[in-house]
Amino acid sequence: MLPVNRARALLTILSQAKTLNHTQQVHAKVIIHGFEDEVVLGSSLTNAYIQSNRLDFATSSFNRIPCWKRNRHSWNTILSGYSKSKTCCYSDVLLLYNRMRRHCDGVDSFNLVFAIKACVGLGLLENGILIHGLAMKNGLDKDDYVAPSLVEMYAQLGTMESAQKVFDEIPVRNSVLWGVLMKGYLKYSKDPEVFRLFCLMRDTGLALDALTLICLVKACGNVFAGKVGKCVHGVSIRRSFIDQSDYLQASIIDMYVKCRLLDNARKLFETSVDRNVVMWTTLISGFAKCERAVEAFDLFRQMLRESILPNQCTLAAILVSCSSLGSLRHGKSVHGYMIRNGIEMDAVNFTSFIDMYARCGNIQMARTVFDMMPERNVISWSSMINAFGINGLFEEALDCFHKMKSQNVVPNSVTFVSLLSACSHSGNVKEGWKQFESMTRDYGVVPEEEHYACMVDLLGRAGEIGEAKSFIDNMPVKPMASAWGALLSACRIHKEVDLAGEIAEKLLSMEPEKSSVYVLLSNIYADAGMWEMVNCVRRKMGIKGYRKHVGQSATEVG
């Protein structure tokens, strides 16, 4: 057989190789017949080893091709292997790209994309700009593969203005390019820009793809646009994207959870075939945050029955449910599960256990967990201060605050929320004012919504309703719903019925979908024996489709 025919035969056999063993057998024949330095066979061997996830063999095969014989195809083959490999770092890709530039004339869209992605991974914007210039020089900056990579590079490393400029200069834009730009705006929390781009893309007549829908549904979750999110879900079903992308399914579930549409989230979750730990955790966390703790526990048990191992985030979420239920037994069972399965506790878990034990009334166990921590940061100290506070142990909370400072841990915004909450639970108005003034003067912590709400709660609990109302009216920022909510709760305690009606109106103008305001106002009128007003409020609830949920508790006594 002529050498050319023999080489072609080996290429055919190599293209049919299915396993690493088959590839090595063909490689042996290539060596025997002296074809190892041939660029076509060498490149094909390199690719075959890459497909078998043996980058070491691929590199060895590539290196046996003489430098003067290597062409763009052979360089792109090895570059693709390094780019896709989980064992190599971005610096290896960039080093290989620089070697190619020294030994091979010209560039193409493939090796430019590999180099740009490596620059993004390494955070090398200046190198990326040089590659952008090279792409422009070779007329490839508007290529269907290169352009999205450049937009992503500027979105990740530069500014969205730069990314938008590159995007605007591209005359023909495909759906990938639109999706990459939307993804960039999502990173910078510019959700309105995502909606704007979607409308512009739709007007061009381009078909939507999974990336576009994922960006759109994430933006819906960020701004709590549940109705729009439902429409996106509908589109993804009609165009069959929902069955093709697990990530899209997970994103829609996350959107429903953020919008508190938990029943919609669970319905989609139940139809998902590949339910991974992220999906389980998202749903469990959603039920826990919405105080539907029993359902969160049911999901957690179902997760374990299906042999899905929980991660640290799952366990932190289920501990929120333990706190919500006030169930020490459930909390201890989770603690025991972690110990039995050798799961190491991180700072988040330690803090979650402190909070859970404190809310279940076992302050001694909360303190034990705190003492077990190998390292204590400002979050763990703040959590312990809060633990003392919610159990009415103000002196211990204040002592913990002073100990934290003695350990050179600087209090932050969360610390003062915990401390002001402790003042509120103990009714210590004087100390509350002292700490509120100190936080800015001594520590540079600017009061936020939660700090103002704590002060309103403190004054309200102490019966200083007028001063609490005056405090809200004179706040340097626009009062948020949490501050008005704290005052409404105080109105119930101190039977300030007229003021309660006024505050409820303000709250409903800010959060018209919040049914808990109607429930609290109804209870205030009921406490005052104003049954006509109770019926009036409940009729409004009925018109809006709200109903009073029966509370669930597992608080243990004895």
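The backbone N, Cα and C atoms fix where each Cβ goes, and this holds for glycine too.
For reference, Swiss-Prot has these:
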REPEAT    108-142  repeat 'PPR 3'
REPEAT    174-208  repeat 'PPR 5'
REPEAT    209-243  repeat 'PPR 6'
REPEAT    245-275  repeat 'PPR 7'
REGION    483-558  region 'Type E motif'
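Nonlocal intrachain contacts for the repeat 'PPR 7' (245-275), taken as residues 6+ away from its ends with a CB within less than 8 angstroms of a stretch CB, comprise 210, 213-214, 217-218, 220-222, 224-226, 229-230, 232-233, 236, 282-283, 285-287, 290, 292, 295, 306, 308. Per-residue confidence over the repeat 'PPR 3' (108-142) averages out at a pLDDT of 94. Within the chain, the repeat 'PPR 3' (108-142) has long-range Cβ neighbours (under 8 A, six or more residues past its boundaries) at 72, 75-76, 79-80, 82-83, 89-91, 93-94, 97, 100, 149-150, 152-153, 156-158, 166, 169-172.
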